[in-house]
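I have placed the structure first, in the form of structure tokens, so that the comments after it can refer back to it.
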Amino acid sequence: SGLANILPEELFLQIFPQALPIYKYENLVAIADKYPEFANTGNADVDRREVAAFLGQISLESGDLRYVEEINKSTMCQQSAEYPCAAGKQYFGRGPIQLSWNYNYKDFGKAVNLDLVASPERVATDYDLVWWSALWYWNDERWNGNIHKVVGHPGGFAKATNIINGGLECGVNPRNRDSEKSRIASFKKFCDLLGVAPGDNLSCQTADFPPKAL
């Protein structure tokens with residue numbers, strides 16, 4: 001896969017020396033193969049930048065893969081007829097990209113033919129689902145964009161941050177600009193490691209969208 005060519009196992013282990021056992025490299029590569037265009041567009045810079053962005057985002061979300069569940073757990077249920085919640089289940093962040101909210105668990109479950117509304121904990125215990133949750137989210141057509149399609153291009157890292165956590169880190173007067181700064185620092189580090197320029201406009205505050213902080 002494009003990912004395996006850009007991120008060999010030795011480098012993965014070097015980057016994440018304290019990764020939890022569930023975050024196995026071979027499972028990551030196997031799931032990445034389900035998305036043949038991921039880090040495999042044919043443009044070496046775009047592909048390396050996408051891998052650097054993926055690493056930068058999951059590093060921030062999972063504490064360098066040392067966590068598989070959100071520390072501050074909550075129900076995260078926004079119930080509707082289309083998106084129900086199961087009694088006693090919580091839809092807090094799980095996996096390397098912290099899949100959150102009942103509607104994301106339902107949509108991801110539909111994509112992999114599993115009822116993850118009834119069993120959201122599987123995302124944090126299954127060696128394939130844990131990576132699949134992140135790569136599905138990364139490649140899915142979402143209401144606010146498709147990360148894979150934008151992230152390797154100018155301003156794309158900011159757009160990825162907006163898709164993942166825009167409510168807290170982007171827009172007018174964001175509540176958590178420090179988190180965005182950490183994402184950007186990780187991205188730059190991984191770009192350097194993979195030998196690709198990070199580009200400009202990495203912050204939501206300098207990219208050509210959305211409304212800026214005052």
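Cβ coordinates are placed from backbone N, Cα and C, and glycine is handled just like the others.
What TrEMBL records for 19-204 is domain 'Glycoside hydrolase family 19 catalytic'. Annotated active site, proton donor per TrEMBL: GLU61, in sequence order. Residues or ranges marked as disulfide bond in TrEMBL: CYS77-CYS85, CYS170-CYS204.
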Using Cα coordinates, what distance in whole Å links CYS77 (disulfide bond) and the residue listed as 'active site, proton donor'?
-> 20
Got a sec? Which of these disulfide-bonded residues, CYS77, CYS85, CYS204, has the most Cβ atoms within 10 Å?
-> CYS204
Cα-Cα, GLU61 (active site, proton donor) versus CYS170 (disulfide bond), nearest Å, comes out at 16
Pairwise Cα distance for CYS170 (disulfide bond)/CYS85 (disulfide bond) [Å, integer] | 28
Here the 10 Å Cβ neighbour count for CYS170 (disulfide bond) comes out at 26
Measure from the CA atom of CYS85 (disulfide bond) to the CA atom of CYS204 (disulfide bond) and give the result in Å, rounded to a whole number.
-> 32
Determine the Cβ neighbour count for the residue listed as 'active site, proton donor': the number of other Cβ atoms within 10 Å of its Cβ.
-> 23
Would you identify the secondary structure of GLU61 (active site, proton donor) according to DSSP, in three states?
-> helix
For the domain 'Glycoside hydrolase family 19 catalytic' (19-204), the mean pLDDT of the predicted model = 95
DSSP, reduced to three states, assigns CYS85 (disulfide bond) to coil
